[in-house]
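A.B. asks: According to Swiss-Prot, the record shows the following:
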DISULFID  Cys29-Cys32  disulfide bond
DOMAIN    2-104  domain 'Thioredoxin'
Amino acid sequence: MAIVKVTDSDFDSKIESGVKLVDFWATWCGPCKMIAPVLEELAGDYDGKADILKLDVDENPSTAAKYEVMSIPTLIVFKDGEPVDKVVGFQPKENLAEVLDKHL
């Protein structure tokens, strides 16, 4: 599955079931650009097991504030609508896969 962009208005409905890795990012963020290809690979690797979502914090500040996102990129794993794990900053694919695997 491709990465899905989410907004403040549809965020809750997109995370309500299953395992989701949400990338809180911004267009001007260098590390966010570095992690983008890693997330594309994960989206392919975890197709059918977990979804990768992206939320632009500049365009959607309410959701970022709700989950206390202070630095970007912040990646939060949600399981059935609840946050279960959080990683801040660039991470290699192996680290993110390990985080996701804990919640599948």
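Each Cβ is built from the backbone N, Cα and C atoms, and glycine gets one as well.
Owing to the predicted nature of the structure, the values given are computational and were not obtained by experimental measurement.
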A.B. asks: Cys29 (disulfide bond) has how many other Cβ neighbours within 10 Å of its own Cβ?
C.D. replies: 17
A.B. asks: Using DSSP and three states only, what is Cys29 (disulfide bond)?
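C.D. replies: In the DSSP reduction, Cys29 (disulfide bond) maps to coil.
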A.B. asks: Could you tell me the mean pLDDT over the domain 'Thioredoxin' (2-104), as a whole number?
C.D. replies: 97
A.B. asks: Within the domain 'Thioredoxin' (2-104), count helix residues (DSSP H, G, I), strand residues (E, B) and coil residues, in that order.
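C.D. replies: Going through the domain 'Thioredoxin' (2-104) residue by residue, I get 36 helix, 29 strand, 38 coil.
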A.B. asks: With every protein chain in view, what's the tally of Cβ atoms within 10 Å of the Cβ of Cys32 (disulfide bond), excluding that atom itself?
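C.D. replies: Step by step: centre on the Cβ of Cys32 (disulfide bond), count other Cβ atoms within 10 Å, giving 21.
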